[in-house]
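Here is the structure we will look at, set down as structure tokens.
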Amino acid sequence: MDAFKLLTRATKLKGGAAPSSAQSSTRLPSTGKAANPQLFRSSEADKVLEEARHGKKRKRVAGPEAAESDDDGAELNFFGSSKARRSSASMAKEQEKEQQEQQEHRDDTSDADDADEMDEVQCRTVLNAHKIKVTDMRDLEEIQTVRVESEEPKKKKKKRKQQEESTPALTKKEQKKARRVYPQPLVSFKELRTRYKISRRLAENIAEQGFSVPTEVQLGTLPLLLEGFKVSGNSKDAESIEPDLLVVAPTGSGKTLSFLIPVINKIVRHHHEQEEERGIFSVVVAPTKELASQIVNEGRKLVHGTGVKITLMKKGMRVVDREDDDDENSHSEDSEEGSESEQDEPSTTRKKKGKAPVTKSDILVTTPLLLVNALSANRTKPMATLPLVRNIVLDEADVLLDELFRDQTLDIWRACTHPELRASLWSATMGSNIEDLAKSTIKERKQAYDRTNSYPLLRLVVGLKDSAIPNIEHKLVYAATEQGKLLGLRQLLHPAAASASDVRLRPPFLIFTQTIPRAIALHSELRYDIPAEAGGSSRIAVLHSDLSDGQRSEIMKNFRKGEIWILVTTDLLARGVDFRGINGVVNYDIPNSAAVYVHRVGRTGRAGREGGIAVTYYTKEDIPYVKSIANIIDVSEKLRGKDGEKSIQKWLLDALPDLSKKDKKELKKHGVKARQSNLKSVKDDKEHRKTRISTKSGFDRRMENKKKALIAASRNRKSKTQSTDPGSDNESWDGLDG
């Protein structure tokens, strides 16, 4: 009973009306889960999906409804004894339990067979409405030969070969149409158990996590990875083959769940079929430790009770059992035999500690360098192989196949020597060069294992490729100078009188900078901006790669718990890390590329949450580099269908200068030149002073430098005097003379 309703029964107050309107007006990502995580929807697609759901429900509900109607007549004996009524009620409950058990058994066995597949028109309607585009990346000749062979009888093959020589080449539009594929979409997460026959325990774990409506990327990828791709069309007799997959989907759309569910289900099946064979069956590669640990945390929730083990790769772990290690250990034992007896016990303990046991895990989540060092003994030996690995997953694939990680990632890929290896690449941004590299690598593997025509390579794109999510608000603010950016940031922390043009951003939020020194400087500048009553300096923290693993994990834990409100960081947290309750992102320094901007602002607005804000400050030095960001904001607003005044005006897009390819490459590698930490010339040093993050005057800074210089000089004098008087340290005080 609600106490407020009880005490206000005689009044005319309407409870709940005012709060609901207030809540709807101030809807933020931190207020909770979105009702529907999907970014793109339409009434036609919803109707098709509803028909698919209700079609199954009618079949399931038909039996219990009839039983319930029969039971109602027995329960309506109002003039019978109380014992009889109780016994009839208990009998009805027992019958209900039996019916539920029978119904669960039917759901697991017969519903998948009874469920009608969508035809190609319905599949096309659903996929187009959710802006899902699936493309076959194989050569056109290979696609056409497979389709024609499935349609034509064997007698007509000779005639077809003769006609192929005379047929004209397809236009670009016809080629795109020939490559388009319309697979069966996922209607609901319940289908994973009933139709795709995933493990019962895995299905229960998914339900416990509260997943009900699949996002666009889950709607498109899960059927392909669980059921496979029908190479010769959507006919029932067509053979389904698990494809290699390239996925480009918005940030926060559930890509981690999309690749973990099929991998876990595949390993569970393998455990049932071959109980004796154990080892690493899947490798998930991520660019940062934070993202890798997040994937492991999500995976542990899904593998609970399934018998599948998921492990985070750490320094010193052994992944394979090499014969070279045994030879080396025996050699070291022989060399230490002649040592003294006092040193025998410590040496044996050191040997035991040095050789760690081989990791017993089914799924290994790692960063590239850690696994390469483990397989090559810190680059001192040739790469060992992982012969049992059947799935390799590259999360944030565009970074892993970029110059920084490319060699390490390809070494891991080549080390997976199983002929049935499947690769899946996932990211929110993926350039054509990355796609070409992945395509060529997969093609080389197929040729090496004589499997040229065995399985397809598909690309799935959700929404517009390489664009920001449409459910957040973007603000591009000109601050002129570094001091202007600091002033704007402080206005976000301490908002004055509200106006229509002001940006209102409530904690928690992230602040991104270009370099580690700038992140440290900004943190020290903002450290005391939050009053002590609200928690003071403990509410602001800085996170970067120079910190130890323990410090980084502690900061991440406190930020997730809500003890830290504002986190200043570099691009270390720009990719993959899922902070679901973040209200906004501040780009204190502009990102190095358009792709980095997409990933930075994608830390807010996760899983369809509305109300996130992305604020980007730019100065006079940034003007040559801003156009790519302005274009992304403009496309995002068009995708959103936003009415009213746009944040990016056409005159601004026309006025901003274009950037050459050379300058783009330089910006991507080093960032804005004025903010680089390794400046050499005097002219660059003057530019660096302009971009210093500080509100101290030049006089105060000179006085501080003088003080530091005096302290350093006094320390030098003391060290010199101590070195010149060696006997003074050895003198002892004999006490007072009597």
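Using N, Cα and C of the backbone, Cβ positions are placed for all residues, glycine too.
The feature motif 'Q motif' is assigned by Swiss-Prot to 191-219. For the motif 'Q motif' (191-219), the mean pLDDT of the prediction comes to 93.
Feature annotation from Swiss-Prot assigns domain 'Helicase ATP-binding' to 236-448; the stated evidence is sequence analysis.
For 322-345, the entry in Swiss-Prot reads compositional bias 'Acidic residues'.
The motif 'DEAD box' annotation in Swiss-Prot covers 395-398.
Here Swiss-Prot flags 708-720 as compositional bias 'Basic residues'.
Counting residues 6+ beyond its ends, the motif 'DEAD box' (395-398) has Cβ neighbours under 8 Å at 246, 255-256, 259, 284-287, 291, 295, 425-427, 429-431, 434, 438, 575-576, 595 in the same chain. For the motif 'Q motif' (191-219), the DSSP counts in helix, strand and coil order read 17 helix, 0 strand, 12 coil. Residue counts for the compositional bias 'Basic residues' (708-720) under DSSP, split into helix (H, G, I), strand (E, B) and coil, are 13 helix, 0 strand, 0 coil.
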